[in-house]
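J.: Here it is, the structure in full.
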Amino acid sequence: MRVRSLGVNHDVSTGTAQTEKPSSPDGAMNTAADAAIRKKSGLFADDPLRYGVRAVLAGAYLTLGTAFAVVAGDAVNDVAPGLGPVVFGMCFFIGLAMILQVGAELATGTMMFMVFGAVRGHLSWGRAVSIIMWTVVLNLVGAVLVAVILGQSGKMGGLGADHLLATLSDGKLHKGPWGVLSEGILANCLVNVAILGGLTMKDYAGKFLFIQFVIGAFVVLGLEHVIANFSLFTLSLFCLGDGFASGADVLPSLTWSNVLDNWGMALLGNFIGGGLIIGGLYSWLNHGSSQGARLYRD
């Protein structure tokens, strides 16, 4: 006679106990990733309106987190010049934490999951790319909406050229295309390591500490994340200067040409880093029946 309790099989007749194997042979990472892929692709197919709202919310949450981080960083910069960007980087994770905790669709995380799913045959490459691109567009919508509102607020409206927001945006807009591309690759590698780690960790305190330092690494290093740059540049447009959308008057580098060049190369770099490298590589590492694959998974 066997009795099951807390993941252990107890054989009453012999007095022995056997620990159960994990319920998923593919390991915790595959289980979490597969569930996320099914949820995202299923919601996009069955209820595109709700998927779209979740994508808009992700852009909004990330922009709110960016605004908080830049205000905190600027305050520190006033009393300890040079430390502002570090504080900005270590506070920036709040936007991603909100996205992960309450459920929203961030394009750069979707890149990883969609490539993971396409490599494993859960969906076609065409469908994967279409989901990614719609998510990108709707993340931008969310960023613009929040930036417009914050531009009318007492704390963020009418900022000057000496504010940390202007300094950070100006630095990004002066980078060359290949620099943005290479930094975009590294940025989304780190972002998706944070997302994967957050999915497989059960302890909330450990999860958010892990996310804070991994995300902090990419931000403090000044790497390029297209959705973060949606937030940063739209905040610059609507929060710098005294008039509506007068950021370019304060920040001459904030031109459509510079902004679109940055967004385009960052998007490509993010897809390579988060999608092809992290999504594709981890799909391969966690797939197959070889002894090496089994050892890697768990």
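Quick reminder: no glycine exception, Cβ is built from N, Cα and C everywhere.
These came from TrEMBL, pasted as-is:
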COMPBIAS  11-22  compositional bias 'Polar residues'
REGION    1-30  region 'Disordered'
TRANSMEM  51-72  transmembrane segment
TRANSMEM  92-119  transmembrane segment
TRANSMEM  131-150  transmembrane segment
TRANSMEM  178-196  transmembrane segment
TRANSMEM  208-228  transmembrane segment
TRANSMEM  263-285  transmembrane segment
J.: Grab the same-chain neighbours of the transmembrane segment (92-119) for me: Cβ-Cβ under 8 Å, and only residues 6 or more beyond its ends, written as numbers and ranges.
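T.: Residues packing against the transmembrane segment (92-119) from afar: 33-34, 36-37, 40-41, 51, 54-55, 57-58, 61-66, 68-69, 125, 128-129, 131-132, 135-136, 138-139, 188, 191-192, 194-196, 198, 208, 211-212, 215-216, 219, 225-228, 231, 270-271, 274-276, 278-280, 282-284, 287.
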J.: Ranking 131-150, 178-196, 208-228, 263-285 by the number of C-beta pairs under 8 Å to the transmembrane segment (51-72), which range is first?
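T.: Most Cβ pairs under 8 Å with the transmembrane segment (51-72) come from 131-150.
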J.: Any residues 6+ beyond the ends of the transmembrane segment (208-228) with a Cβ under 8 Å from its own?
T.: 58-59, 62, 66, 69, 85-86, 88-90, 92-93, 96-97, 100, 106-108, 136, 139-140, 143, 171-172, 175, 180, 183-184, 186-188, 190-191, 193-194, 197-198, 201, 262-263, 265-267, 269-270
